[in-house]
Each structure stands twice: as C-alpha cells, then as structure tokens.
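Listed features, source TrEMBL:
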- A:N136, A:H137, A:F138, A:C139, A:E140, A:H234, A:N235, A:S268, A:H287, A:G288, A:A289, A:G290, A:K366: GMP binding site (BINDING)
- A:H137: Mn(2+) 1 binding site (BINDING)
- A:H164, A:H234: Mn(2+) 2 binding site (BINDING)
- A:H287: active site, GMP-histidine intermediate (ACT_SITE)
Amino acid sequence: MGNPPIVDGRAPVHTFYSSKTWIEGAAVHQLEQVAAMPGIRTVAGMPDLHPGKYGPVGCAILADRIHPAFVGSDAGCGMALFALDVPVRKLRIDKAAERLRDIERPFDGDIRGEIEAAGLEPSAFDSALGTIGGGNHFCELLAVEDVVDTSFGIDRSRAHVLAHSGSRGLGHALLESQITEGLHPIDPDSEPGRAYLHAHDHAVRWATANRLLIAARAAQALRCDADFVCQCSHNCVEHRADGVLHRKGAAPSDQGLVVVPGSRGALSYLVEPLSDAPLEALASIAHGAGRKYDRASMAGRVGATKSDRERLMRNPFGGRVICEDRALLVEEAPEAYKPIAGVIADLEAFGLARVVASFRPLVTVKRVADERGRREERR
DNA sequence: ATGTGC
C-alpha cells in the first residue's frame, strides 16, 4: 500500500514516496488542487513528483473526463532503450561523442518514408522527426553498470542507447488548440473527446517513431545495429473501463519493462513494474529522478564561468555531455535533479517495481548549435 | 515543452 491517503471530501490522493524523499510543498499542493477538481476519482503521486506549469509532474490521475492540461504540451513524450551490437570496450568515448553530434541535426533521410512506415498520417511537424528537441530531452550512450536480474537478457558487455523525446511541435499544437478552446475537461464519448483522443494517439505514435528514429540514427552514427529493449510514454491519457487515466511524468506499469533515468550525471535503471502493485498507484510508476530545482535558479547553483561550463560537459563517470546551448547546459545540470537512488528505493519499498539492471552514462547528447550558431547568439 | 523570435 501507499502512504495513508490525503482525504477530506476530495478525491483520494495516494502517494508513493518516503518521508526522506525530497518533495516540494508546491507539488503536493498541486496534487491536492487536482484532487479537489470535479470529476477526479483518484490521484497517485510518485517519488519524482515536482511542480509543473499545468499541474503536478510525476503523477497519475484517474478522472471521469479528459483533462488536456494534465497531459501537457508534449503528448507522447517518453523513453526508448536499445542494446547496440557493439561492446563498450570497443568504443572510444571522445570519438563516439563526436559521431553522436550528428544526430541532433535535422534528419536528412526519407522522412515521408519513416512517417509512412510508422503508419502515421503526414503532419506539418514531420521535419522534426528523428531529432531530440530541447528541455530535458536527450539521447544517451550508456554502459551497463550492473545486472540484478539476468532473466531479461541484458548483456553486460554491450553499449546501450536511451532516447528521451516526444512529439515536438505536434503535441505543442495539440495543447495550444485546447487552450484556445478554454482548456476545459472533455467527455471522452463526445465528438470533441474523440477528436482529442485521435490527435493525442497520433502524437503518441509520432513520438514513439521519433524515439526509434533517434536511436537508429545514434546506432548508424556509431556504425552498429540497435536491438529494441523497451519503450513507453510518460505523458499520455488512456480511456479505460474505470475512467480516463492521465499520466503526467508517470510511466506505465502494465506495458513491460521501463527505464527510470537518473540525471545525466547519475545511473539510470531498467525496472520491472510489479503486477501485484497496489491498485491505488493507477498502473503507473515514476518516470525519472524528477526535478529538484527550477531552471531559473540553476545558474546560481552551478555557476556560469567557463570552468563551470567545462565541468558540466563531463559527467562524474568520465563521460561526455554534448550540449552547445549554454543556458540548457546549466538548466539541465545533474544538480537540478533528485538523487535517482531514492526514487528507485521508493518504487521498491512501495512494491511498484524491482530493478533489472542499471546503466551509467557515457555520452549524453542534447542541443547542438546549428551551422549559423543561432542558438548561441540568443544568449 | 515549442518548425523555441524581433
């Protein structure tokens, strides 16, 4: 079971974090505000809970209607993990980092073919397919740190690739269209409800195709092949028999293995969600470490000098960080995130998941400046 | 988060 629910006439709020886990009061307040809204049935807060723009991040919300705000502006955002057919010992980190820079450039392959192969309708945002995007998105080359459960076939020697990205302009346009209409809850069985779910499902499938293409580009850049391990979305909504289930920064516990990434300076974990987890967790688990500090405060925390930036371009394992956007380099510093070990410990303590394997980052690719260096000029 | 903006 989770902690005793917060109950006072509102929908029950079940939380799955210990008293030792850093949770901002503002995030708990947002959770309680959600629970007080009409038509909300149950709310589940995960150990990576933190405040968000349209509501708390790191939670699952069961409601009678669709709340586009709970899905947020990046429907379909999620993680995909692949095993590369190259052993880590054969990789030179600096060479790999140089090669991986290329994947942040626009994809110059057959985008229309990729869209068709994924069974997607063309959209106005397809030119971004296969690219990482901004914010907390990344593509990471990893080494296996430890395999706790050998039954899933994780090979200790192989390098892995983890893609964290979403639906780019597609999901953004979807939320913008809802804001125009007043951002109110929608009956899933109404015509607008069906239209939202249709556009949402399209964004989720686009985001999935995006992650697969990012990983394929990474493998191609490293001259190797990639074998699929797992993938899921942590920003999405699902019309189920028991209601409308929203996951905002929450990974599904009913769709196989899940990667719960730490910051770019910490381990990431492959976990097996447990089928006998408490129902109050709403078929969900944490989606990552969760932010500890807001973006704006990070320059003051990690410094903004040249040597500060140089430190941020390495990780504590001797790996590399490719991020040519100075502000982003600082905003997404490892210090901005909670320690992942606590999040994993909570998932295990509350019976939500167990660890299969852990990974350490070798190269994290984020923004790369384009030819004209425009992203740097803005700063 | 954002085909990220005058």
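Even glycines carry a Cβ here, placed using N, Cα and C.
Remember, predicted model here, so these are calculated numbers, not experimental data.
Sequence features, as recorded in TrEMBL, placed on the structure.
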| residue | record | Cβ within 10 Å |
| --- | --- | --- |
| A:N136 | GMP binding site | 22 |
| A:H137 | Mn(2+) 1 binding site | 23 |
| A:F138 | GMP binding site | 25 |
| A:E140 | GMP binding site | 26 |
| A:H164 | Mn(2+) 2 binding site | 25 |
| A:H234 | Mn(2+) 2 binding site | 28 |
| A:N235 | GMP binding site | 27 |
| A:H287 | GMP binding site | 30 |
| A:A289 | GMP binding site | 26 |
| A:K366 | GMP binding site | 23 |
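Look at A:N235 (GMP binding site): DSSP puts it in a strand.
A strand conformation is recorded for A:E140 (GMP binding site) in the three-state DSSP classification. When secondary structure is read from DSSP and collapsed to three states, A:H164 (Mn(2+) 2 binding site) falls in the strand class.
Take A:N136, A:H137, A:F138, A:C139, A:E140, A:H234, A:N235, A:S268, A:H287, A:G288, A:A289, A:G290, A:K366, the residues named in the record as contacts for GMP: the widest Cα to Cα gap among them comes to 20 Å. Among the binding-site residues listed (A:H137, A:H164, A:H234), A:H137 has its Cα nearest to the Cα of A:K366 (GMP binding site). For A:H164 (Mn(2+) 2 binding site), the nearest neighbour among the binding-site residues A:N136, A:H137, A:E140, A:H287, A:A289, judged by Cα separation, is A:H137.
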